[in-house]
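The block underneath contains the structure these notes are about, expressed in structure tokens.
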Amino acid sequence: MAYPLNTLTFPLHGNRLIEASAGTGKTYTIAALYLRLVLGHGGENGFVRPLTPPEILVVTFTNAATEELRDRIRSRLTEAAAFFRRQGSGDDYLLSLREAFPASQWPAKARQLEQAAQWMDESAIFTIHSWCQRMLRQHAFDSGSLFDLELETNEQPLLEEAACDYWRKYFYPLPAALLGELLESIHCDTPQALLDQVHPLLNVPLPSPEDPFDILTRRQAAIETARLCWQNDFDAAVAALRDAQARKVLSGVKYRAASLENWIDRLSAWVDGNGPLPDADVLGKLSQTGLREGVNKNKTAPEHAAYSAFDRLIVQLAELVMDEALLIHAARDIGCRFRQAKHRQAQMGFDDLLSMLQKALQAPGGQQLATIIRSQFPVVLIDEFQDTDPVQYDIFSNVYLDQPDTGLLMIGDPKQAIYAFRGADIYTYLRARRDTGNRHYTLEKNYRSTNALIDAVNQIFSFAEQHAQGAFLFNDQIPFHPVKAQGGKGQFVVDGKTLNGLHIWQLPQSEPVKKTGEDGYIGQMASSAASEIVRLLNLAQQQPPRAGFEPPDGGALQPLRPADIAILVRNQNEARAIRRALEARHVRSVYLSDKDSVFACDEATSLLYWLRACAEPEQERLLRAALATPVLNLPLTRLEQFNRDELAWEAEVERFRRYQRVWQRQGILPMLRMLLGDFDVPARLLSLTDGERAITNLLHLAEMLQTAAADLDGEHALIRWLAEQIEQPGSGAEEQILRLESDDDLVRVITVHKSKGLEYPLVFLPFICSFQDPTRRILSVARYHDDQGRLVTALNPGPDAIEAIDNERLAEDVRLLYVAVTRARFACWLGVGVVGKVTQKDGEQTKLHQTGLGYLLSAGQMILTGELPQRLQALKGDCNAITLSPLPGATDAVYRFEDETPQLDPALGFGGNVSRDWRISSYSSMLAGAQMKARAPLEPAAAPPSPVGDGAPSAPESAAEEQLQEAAAEAATARGAMGADPSIHGFPRGPDPGTFLHGVLEWAADQGFANLTQDSRRREEQLAVYCQRHNWGKWAPVMQKWLKHLLQTPLLLPDGQGTVAMSALAGDGYQAELEFMLAAHRVDTRFLDQTIACDVFSGAIRPELNRDRLNGMVKGFIDLVFCHQDRYYVLDYKSNYLGENQQAYRAEAMATAMLEHRYDLQYVLYTLALHRLLKARLPDYSYQHHMGGVLYLFLRGVGADGQGVFSDKPSQALIETLDEHFAGKETLHAHG
């Protein structure tokens, strides 16, 4: 029997159990008891002394719940303090609480409450795991735990590593035949599948198994004996079978000619060693016993030693069963490896926190630890106690059970115990119920729902309480107590009529329907529920509204909004069905689950493809896969363009190279942000119905990748981590759970598990009769409870175990139903139908009775289609709060949403002028559209010209992109057939080959020019790998010869300063890919062009730059800056094709190319950038002494006689003139 709980007289000491049914004010009650503990209220029913927040332990099971409790209690303490000071109004509870103290004590009590409110940041409100961790750290000596153990929220990687180690040690050495039989026996073919099988066994006591590999060897020996017996006289044995079949000795039903020939073929392959042992059915049919049982009447079966060999083999195989032994062997070994790995890494998981504290309390010194904890926390309130597991209860019972001057107050509702998949154990609640004797209390009033809805819920569960096992299948251990209605909630009104609390829709049917399919149960229910929701929302849109909520005082109707509606489902498939039906009717919705992992969504897979391409942008296969992902959703025409347009493809390669650099330099989050922006992903996704869900998933995944990257080494490690999470979604902690994608006014589609603790005005349960039998899949390991409530782990469970498993599943389904219907405040709709099939042999085979609602209707007896109306009427009884009606027909009506957003005043306009000509320019953008023509004499700078047109290239983000822009221009002039010469002169031309040559030299710089020259073996091996990775593997021999020659060739320095070979450059004497940004203050490009033309190749014709005014920055990348004999040089690589041999790369040809492509402009800008850098870095800088000049290497023609090397040193006057002009100083004339 349970006593009605009075918050003012409830005893605050001893061990007590409070059952808080849905909506009865559990959190309010906890806060009320907390106030009494702080004030020392209650006399004999109070605690022995007032307590402070750090002394009152409040335990719950989620971080969100701890924060909510802390805020609610703090708020209640503050409210009570004000009321005791007579500064505010209080409810009846506060009034009675204050009256229990003399008025003279009220100021002191107010201070006590106020101090407690201020102390709440140090209050002892924890999750069970965080409290255990705190106890282990605070009392490390008493608990025998380590001080520096690290809490690991996701232990799956360590478990998978242990499973892989086991697989490698025991499975790899096995011959193929043995391995195949072994894997078939345990129904798995990967280490992960094996781990899934043994996971339930990792934390339970296991017997020492017989060696499974010895069993396997003996099985193989028996099989081999039988095979040899058949092999010795195979033809005779087979001939006898065929003869018996032909003479109709054997039954034509059991031994059809085609079947027999198929068996003989399989048998022949096995006997010859070319196939597996035939399956058990074939062995039985071809055994001597099987043949005797399969003959026709008055016939004699053929006899042969080979047939008898199968008789013996069948018996031996039945005795030599190895799957159970193997699972135990694997569980023990993997568990041991897992624990050792955690010990080596000083890690512990959530379960370890509990087990370590449990063991510490049970150890010889455990009573001392328990005493310390009791003194630290004299009273503990355990919230959501129905979700406790045996270890958690053992901890608290060891510390508090039957201890004087303590309080163990357990608050929960066994009817809402729905988290068995997380380890919650309702049998632990029942154990606590027994341990607390008759100290049981119940909250009687429901403050959530209307009178009608409470009456309806009371009716359906009271009806089921009459079943032999009670409403919740635990007899009187979990009784159903009807609750009372507090009232005053208002009503839901449609067309002037108050709707009933519970609406039960019955699917019109004359026979069972399938669960899935357009005409199946889920399809019909989704369409009808969506249509009804549209009808209600459209009525609410009318003026005045015809559907809405009437306040208790009878005021104006508050129209129904989409956010007032929740649709509860069991899984993502049901959510998808109802959301599609809503979408078809223009109703937006949001989905939330506490089981679905973000790694299981499509966006995670797309993201994985992106990361792989960003890590290796030169890999064509990876990049094409990334560009074809559904999230990017590039048009097919664009994807096809990449096959035909080399420049377009190379632009994408360079785009992903840029992502790679951002990833390496700034991290994964900035890279993903750039990628999403470049491809306009957010804007495009938001135009889709489910776009917010996709964006939320992407941002969630990006956040998790950023967190994971902190503990991983490099891009590929992060990619492997993401791939592992996608392969095993849901294996981590709660941060993986899908997040709410929108707070807008949308219909909520939410799983029943996630809805627990929440409430909604209207609740639809369209798929309440959906059922999935967990026993249909192969169960190698199963867990259930015996008649005494003890957890049993069964290997290869039999029929009794499977029945027990299904009974527990059914009991939880009833509890899920209770949770679902009690989420509603005003009304709830149930979609009821008979799912099943009809066969000639068995007639109707339905599944409704296997659901939670079906149990309420029939106590587990099968419900035929024709019986359903009668069953539903019996369930309704004489309760007028329940409406039974046929399922309303689906319609094509759509939601006519009328936006009521108030009109805003127009925004103020900006009337000023903002200069928009600040930009980042580059050598390529200055060169865009340049034309070869004679040059006019230099004149003073004219008026500011117009900016460069839209066709100009943007400033490059990298040296490779800058090279690509140059190569694009070069490609237009590099015409003619590609030569077949297997040398650098025959190397293909165009952007991609040019980028590759630059990449080889960038790689060589990173490796060290001198190192590669000295270690030829290393150079050849690594260069071959580099070529292969970038899809130039067949050119590797040419590249080997070319690079060696290039590194060792003396390069002529400007102005007769001698020569230098790249192989002579020390690693700290050069900088590759030096990026620069030159400030440009209204630089006139015509002045820049003519000034350079007067100094460099004076008088020569070259393309004239477009008229422009550069204001902002000029950006570029110098391939190599090196220091030689205290002089600094610019070295740039050019892949231009000037001719078919080295003689084509003489000075005249190079000069022509330099002018044609305006490399003169480029190297002057490079020199100016280096000049400014040296002037800032060297205290005694001198242009003449420190600036060496520039070298341009035409990579295809570098020779010992100076071919392919252009060198120059711009004059100091030119550089200083341009330096002043870029700085914004007035310069009217070029230098003389």
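Using the three backbone atoms N, Cα and C, a Cβ is placed for every residue, glycine included.
Automated prediction, rather than curation, is the source of TrEMBL annotations.
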Region 'Disordered' per TrEMBL - which of 56-99, 848-891, 936-979: 936-979
Shell list (ATP; ref centroid = CB of Ala20, Ser21, Ala22, Gly23, Thr24, Gly25, Lys26, Thr27; cutoff 8 A): Thr29, Asp413, Leu443, Asn446, Tyr447, Arg448
Packing count at Thr27 (ATP binding site) (other Cβ atoms within 10 Å of its Cβ): 17
Assigned conformation of Gly25 (ATP binding site) - DSSP reduced to three states: coil
DSSP state at Ala20 (ATP binding site), helix/strand/coil: coil
Segment confidence, the domain 'UvrD-like helicase C-terminal' (483-757), expressed as mean pLDDT: 89
